[in-house]
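Asks: Quick paste of what Swiss-Prot says about this protein:
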type: BINDING; residues: Cys305, Cys308, Cys351, Glu358; note: [4Fe-4S] cluster binding site
Amino acid sequence: MSTAYSLSKPLERRRSIAVTIGDVVVGGHSPIVVQSMTNTDTADVDATVAQIAALWQVGSQLVRITVDRDEAAAAVPKIRERLERLGFIVPLVGDFHYIGHKLLSEHPACAEALAKYRINPGNVGFGAKKDRQFAEIIEIACRYRKPIRIGVNWGSLDNVLLTRLMDENAQQAKPLSVAEVMRETVVQSALHSAVWAEEIGLGRDQIILSAKVSDVQDLIAVYSTLAERCDYALHLGLTEAGMGTKGVVASSVALGILLQQGIGDTIRISLTPEPGGDRTREVKVAQELLQVMGFRQFFPVVAACPGCGRTTSKVFQQLAQKIEADLYKNMAVWREKYPGVESLKVAVMGCIVNGPGESKHADIGISLPGIGESPAAPVFIEGQKVKILRGNHIAEEFESLLSHYIHTRFGQD
């Protein structure tokens with residue numbers, strides 16, 4: 001039995017209503033779902049299918065696509081059909097703004113092909129048309145038995161609601177700050193829309209809410225309030241998180257705090273990709289976040305020290321990098337061949353200070369020699385030292401031991 005362990009207690013999640021989207025369940029007692037969104041022109045069937053397939057293959061359980069005009073709506077059933085022919089059964093979420101009622105009404109094949117609709121109360125319609133157009137979308141969802149995400153975004157808030165709350169706040173003896181009124185508007189917009197959708201006929205088990213803002217502290221405040229006031233399933237995401245490290249850090253901090261409080265049933269890490277960048281990165285970051293917090297296990301963990309003046313070379317860094325890359329590359333096949341392999345923990349350490357201890361805590365680990373240490377690398381499996389490697393082929397020998405361990409422990413034959 002493995003000796004790899006965590007000292008933390010299991011995290012308790014907020015109770016929410018389960019919503020079924022295709023073959024994926026969001027909320028209830030289901031694991032937190034990772035989702036993503038394409039950035040292709042949906043009318044370009046080839047490009048959109050290719051990107052959806054790439055996102056699904058790295059682990060996106062739901063994929064959202066823009067449906068912004070007739071050509072995009074007409075392409076949706078073709079996209080779904082093409083994906084199914086390729087063997088990719090991916091629940092597709094249609095992202096609608098401004099004319100969703102028109103597109104869903106005039107393109108019934110699109111309405112049927114999608115697994116879920118996303119609408120924004122702030123731009124579903126304006127003035128006298130808003131109520132009618134919102135109701136039309138909900139009625140279509142009821143007709144086709146599709147769940148809906150009511151996705152509020154503070155960049156496109158319902159101005160009528162915002163103005164009313166601002167006016168009411170101004171009459172108070174101790175008025176709230178503008179930021180507090182903005183946050184309350186986001187929450188009320190989501191909740192009022194959900195209640196209204198129910199009154200039209202949509203079931204509580206067909207509603208997911210999101211309330212996205214671009215500031216970390218505001219996001220935490222908004223979702224904390226939303227979670228207190230309802231039991232709808234919640235979609236977490238920091239909108240306009242940005243590019244590169246900043247985007248990853250901002251999203252991880254905001255979502256991590258909420259997840260630690262038990263809030264959140266599905267997440268998306270919204271990263272602005274660099275020109276020519278890999279769209280799948282947002283999926284990998286979401287998976288890493290859920291894994292390091294102990295909510296999900298997607299792939300083996302490789303623990304490696306950062307290196308310091310005690311380490312003699314970059315060998316342990318190169319070995320750790322290669323092992324992690326090989327494990328990740330093989331996971332698509334290994335999940336079937338070696339059930340449970342995603343729980344594996346490997347340690348690749350660079351000196352005697354923490355090397356042996358960390359290696360003992362892993363399923364399998366190696367402690368490479370540092371400055372002044374004997375040129376030997378002990379290997380530990382499930383807490384026991386099983387071998388000492390020496391010479392110029394330590395990396396290759398450890399990789400061989402790792403492969404044998406995976407086959408022995410997780411193989412079915």
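Note: Cβ is positioned from N, Cα and C throughout, glycine not excepted.
Help me picture where these features are in the structure shown.
Replies: Counting Cβ atoms from all protein chains shown, Glu358 ([4Fe-4S] cluster binding site) has 19 others lying within 10 Å of its own Cβ.
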Asks: Would you count the other CB atoms within 10 A of the CB of Cys351 ([4Fe-4S] cluster binding site), including those on all shown protein chains?
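Replies: Its Cβ has 22 other Cβ atoms within 10 Å.
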Asks: Tell me, if you would, which residue among Cys305, Cys308 (binding-site residues) has the fewest other CB atoms within 10 Å in the structure shown?
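Replies: The binding-site residues Cys305, Cys308 were compared, and Cys308 has the fewest Cβ atoms within 10 Å.
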